[in-house]
């Protein structure tokens, strides 16, 4: 009977991980409500966001525009002739799969030089809260960090106590609506793991 409970618990954990993991990813609509079009300041738009591995860029545009992913040199030169990838489907979703800077321009003549260019710095995936471990060392005297006033910045905080090693939690603020925040998803996951543990003991 214990084997059946263990198998059921393992299946539940797999399903829950699949349901909770996407809550950490963010789909950014490039240009927000303006979309991918002329007259939008994409430099300012990108500065107000924090892009991480697992997030996606969604380009929404009319048929007079395109999206071309290009090298840094081609971005500076506004040249789409050697594009890494080019899109014209008017609703392009591009997954950010690795850290580094990605460069995008509109391939329509004159549009890039008119400001239709976007560079995004993609950071490694947002950190999750590590599990505290027992420690015989005295508690840390670290003070909590002051939260940043910039809504797109990661905000570290420390929460030491006498029985655990201090841990650092990074909370990603995106200003986006929908989906669970990282802390909400971790709370739900903690509750679910606890419930699975109880089920396995029973």
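Cβ atoms are placed via backbone N, Cα and C, with glycine included.
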**Complete:** Candidate ranges 73-128, 129-184; TrEMBL annotation region 'Disordered' resolves to 129-184
**Item:** DSSP residue counts for the domain 'Phytocyanin' (26-124), split into helix, strand and coil
**Value:** 15 helix, 35 strand, 49 coil
